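Trainee: The following feature annotations were taken from TrEMBL:
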ACT_SITE  SER136  active site
ACT_SITE  HIS161  active site
COMPBIAS  238-248  compositional bias 'Low complexity'
REGION    232-254  region 'Disordered'
Amino acid sequence: PMFGVRMLPRLGRATAAPALRRSFHSPGFHPPSHEAPRSSLIPMVLETTARGERAFDIFSRLLQERIICVSGPVHDDMSTVVVAQLLYLEAQSVDKPIFMYINSPGGVVTAGLAIYDTMQYVKPPIATLCVGQACSMGSLLLAAGEPGMRRALPNARIMMHQPSGGVSGQATDIEIHAREILAVREKLVGLYAHHCGKPVDVIAKAKERDNFMSPEEAVAFGLIDEVVHKRETAPTDAAAPKGAEASAPPVPRD
């Protein structure tokens, strides 16, 4: 599959210059409309309380357990929702960990960096778990979890690479955007080096082309800390303080 930078087309004559979207994406990725309908396939969960029954969509129910799902392409709308969830969970507790399940092919760099920066900004430790795939920007978010709490399931795939793309227009505009994408590449190399504990030149070489890894290879590279096959403890035991050992992310209690 191809991954790289997506350039959004001009929206009309009022647009003075092409809009640069520094993106990691699959060939079929298209930025979603802000008016996209909500999927009717999202399950609803019923809870019975003293006041009667309450209905939640499954993701709201998971949020009560401090679980965030980062699924699908990373774009501005998805990034806004994830950032909001991180801030909400921090407001609920600064001591209990947040559990982030990642299954993403990557997406827009700036949208991904908004999630990344918020992960570093909030106080609760964030446990990351790759289910399915964590490619491109998804692999950076996976690596950005709390040290010792970055995990992957045994059949997950992890991929890192450099940004790529193109832009049309005047020669000066092309030069400006070329400098920008090179600056983004250096920024990302530095972030991976920080979280993987490897020299910058090693990371730059590893990101030169699409670099796919098994979970075991990702552990050896420093992207994650552990491959998880089975949950070690009950979900109620998973809320460990920052710096303490934590189990794999929990699921809601019955």
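Positions of Cβ are set from backbone N, Cα and C atoms, glycine also.
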Trainee: Mind checking which of SER136, HIS161 has the fewest other CB atoms within 10 A of its CB? They're the active-site residues.
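Mentor: Counting other Cβ atoms within 10 Å of each of the active-site residues SER136, HIS161, the minimum falls on HIS161.
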Trainee: Provide, as an integer number of angstrom, the distance between the C-alpha atoms of HIS161 (active site) and SER136 (active site).
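Mentor: The separation of the Cα atoms works out to 6 Å.
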